[in-house]
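Data first, discussion second: the structure below is written as structure tokens.
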Amino acid sequence: MRKSIVVANWKMHGSTDHIKSYVSDLHTKYDSDVITDVDLVFCPPTAYLQSLNLELASNEVSGANHCVLDNCKIGGQDLSHYVSDGAYTGEVSGRMLSDLGCQYVIIGHSERRQYFGENDNLVAEKFIAAIKSGLTPIFCVGENKAERERGETLSVVKRQLQEVLDLACGDDLLNSVIAYEPIWAIGTGLTATPEQASQVHRYIRDLLPNKGISIPVIYGGSVKPENAKELFSEVDIDGALVGGASLNAGSFLSIAASIKE
């Protein structure tokens, strides 16, 4: 059975004060009886990973990356494709993220592709770097508005995913999460219908070894409490990559709670 996962991508937002307030709200509003069998992954900016981890860590377990909230983990928003240490100014390796307590890392987000020129080959190399560093990559694929209007959604997703399939072995893919994020729905208020998202999710599974039977495929694109339940009603949608709505602890937990409704 595939696990459910809801990822909070804070993007370039946050502060130490926000983290303290956010975690306080998590402790107040988190209900383990409602949010069951769901991994919650928080991906703040790299500068705040340690602060968030310390706030989440149990006071009773000194020095451990143990969260008092069930199934709560942290992840990076990106990593270098360089695995070994070296003269790569500004880069952050997978080992460094792991050292900060990360278990996950987002790979190939559309904003990285759009604003930083990351192509399919580089993204695939980052996927392999994450695996080699013991991290679970959250690998993002998705089409822009023009590509959807031209009927190219599936071919774009296949092209993006094929680079990883060519470099990775089956075991690598088993330790990954695929996130379908239609670019036209990110930060626009537009959301793919459950049927549109599910169609792409099924197609992604067809491309994966063994039909991706154990690989979570999650949806990203203006996910919010108001539409989460309808999206999660589709059997091929295993969770969400949440942007703006994840900056509010209550909204994020409400989305996570919708998975089991």
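Just so it is clear, glycine is given a Cβ too, placed from its N, Cα and C backbone atoms.
The feature substrate binding site is assigned by TrEMBL to N9, W10, K11, G187, S222, G243, G244. Secondary structure at S222 (substrate binding site), taken from DSSP and collapsed to helix, strand or coil, is coil. Annotation for S222 (substrate binding site): same-chain Cβ neighbours under 8 Å, separated by at least 6 residues, are A185, I186, G187, T188, G189, L190, T191, G243, G244.
Annotated active site, electrophile per TrEMBL: H109, in sequence order. A sphere of 10 angstroms centred on the C-beta of H109 (active site, electrophile) encloses 28 other C-beta atoms.
Residues or ranges marked as active site, proton acceptor by TrEMBL: E181. E181 (active site, proton acceptor) falls within neither a helix nor a strand when secondary structure is assigned with DSSP, and so counts as coil. E181 (active site, proton acceptor) counts 27 other C-beta atoms within 10 Å of its own C-beta, drawing on all protein chains shown.
The Cβ centroid of N9, W10, K11, G187, S222, G243, G244 marks the substrate site; residues of that chain outside this set whose Cβ lies within 8 Å of it are I186, V242, A245, S246, L247, given in sequence order. Every protein chain considered, the tally of other Cβ atoms within 10 Å of the Cβ of G244 (substrate binding site) stands at 17. A Cα-Cα distance of 12 Å separates N9 (substrate binding site) from E181 (active site, proton acceptor). When the alpha carbons of K11 (substrate binding site) and H109 (active site, electrophile) are compared, the span between them is 10 angstrom. Separation of the C-alpha atoms of H109 (active site, electrophile) and W10 (substrate binding site): 12 Å, rounded to the nearest whole number. DSSP assigns H109 (active site, electrophile) to coil in the three-state reduction, outside any helix or strand.
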